[in-house]
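Per TrEMBL, the feature transmembrane segment maps to 53-74, 94-113, 120-141, 147-170, 182-203, 215-235, 256-278, 298-318, 325-345, 351-377, 389-409, 415-440.
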Amino acid sequence: MPDISQKSTTSSTDDCSAVHDPEIQLEKNQLRVVSNNETPLEYDFPEGSLRGWMVLIGSTISQFCAFGYTNAFGVYNDFYVRQYLKEKYTSSQISWIGSVQVLIAMSLGLFTGKAFDAGYFYHMAIGGTFALSFSLFMLSLTRPESYYQVFLAQGLLSSIGIGLLYVPSLAIVSQYFKRHRAFAMGISSIGGALGGAIHPIMLNTLFHGRVGFHNGVRISAGFLLGLMIISIALTKPRPPQMKTYKSSLWKDFCRFLCEPAYVLTTLGTFFTMISYYFPIFFLQLFAITQGIDPKLAFYTLTILNGASILGRIVPALVVNRYGVFNTMTLCLTGCTLLIFCDLGVKNATGIVLFAIAYGFFTGAFSGLLGPMVAALAKNDAEIGARMGICFTFSGIGGLLGNPIAGAFLSSSFEWWKPIVFAGMASAAGAALTLAARFLLVKQRGTQFV
């Protein structure tokens, strides 16, 4: 058996013939490892081109509108628990709205990843823009204590729009950047953090001011619609790089399951997502129940998501040197320790410090997730499919985490129970990612993976 860490020296003629020989292709897929430091041909990846930077800006705007809005759900959660749905529904029931939103938004990656690889970027971008803005206009028509109306508009329809935008807007960056792909995708993910910082300020100001909830949601919907029009105008997908690469979703799924490193990475992301949104969705409510001034509590999400911007930039600058799995493992360990540290947070200073630190490490996780999955791809044509499958399991984790945490919390606000639950899930995610890292070190013969 040849050493899998060696670069393939097979000629391009053999590569073409291998496409038509399943046995040769399978062997090549098993032996070929794409190095993170591999320098591609300039005509394959126009690094630093004007079009590439325009696409990166458009992708960042799309992330701002999609998962940036999801990261602001804590404002909705607090408003629903304390005012809009408080008479009939528990915190756990209300948490299902945000959790289903995360599940559908990320699980759609199972299909949007393949659709992106097939060249349907514009279809998903336009469809996602319409679904997201329309769902918010429908949310503005809901009535207090009408849980099913809120769930249909925000839990289902808006999540479809976000799901149609998320993976394609992240994957399109990989078409224009190879050497600096991790950095570029990290910059794109800043949009989600920036949205998570700006949307809470805007929503809290609108909901608790003279504008009110319903008109505030309408203003927010119009704002997102305008930004997405700009995003679509800036982004231009390239033709599929490997037109000979054809595989069904089921074949991709079965093939990826035969890769232990990919399975461990996906499971690690699943457990991480169980804990990931707990502080984001509950931090504002946590601050208020701890007796913090509401004026400060309304800014806790902004502080957290603002810190995550730095968390997406710093790791992106060092990941090419130290390896994406090494960097990710450190970040997940930091998330785990911080969640357990939340047990001792009782005052405004502690909450602000927690928001800054947790925001940094979760920002790093969000920024490195795409590059980490992409680093496992055997070729660039399967990046979308790998992201889609991994993000689907991530969405399931996001679905389960918050309702369970809300059930532990109960109406008496026993915070230590959901904190311990989230901390244990985060620890499992870090351990599985570390195991994947050890496998890759053994396979590739280098510590920098």
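Placed from the backbone N, Cα and C atoms, the Cβ positions cover glycine too.
Contact check: the transmembrane segment (53-74) against the transmembrane segment (182-203) gives at least three Cβ pairs closer than 8 Å, residues 6 or more apart, which meets the contact criterion. Contact between the transmembrane segment (325-345) and the transmembrane segment (120-141) is absent: fewer than three CB pairs lie under 8 Å, with pairs separated by 6 or more positions in sequence. If you look at the transmembrane segment (415-440) against the transmembrane segment (120-141), you find fewer than three C-beta pairs under 8 angstroms, all six or more positions apart, and that falls short of contact. For the transmembrane segment (389-409), the most Cβ-contacting stretch among 120-141, 215-235, 256-278, 351-377 is 256-278 (pairs under 8 Å). Distant neighbours of the transmembrane segment (351-377): 34, 36, 67, 170-171, 174, 181-182, 185-186, 189-190, 192-193, 259, 261-262, 265, 269, 272, 276, 279-280, 283, 286-287, 290, 292, 296, 300-301, 303-316, 319, 324-325, 327-328, 331-332, 334-335, 338-339, 341-342, 345, 383, 386-387, 390, 394, 449; these residues of the same chain sit at least 6 beyond its ends, with a Cβ under 8 Å from one of its Cβ atoms.
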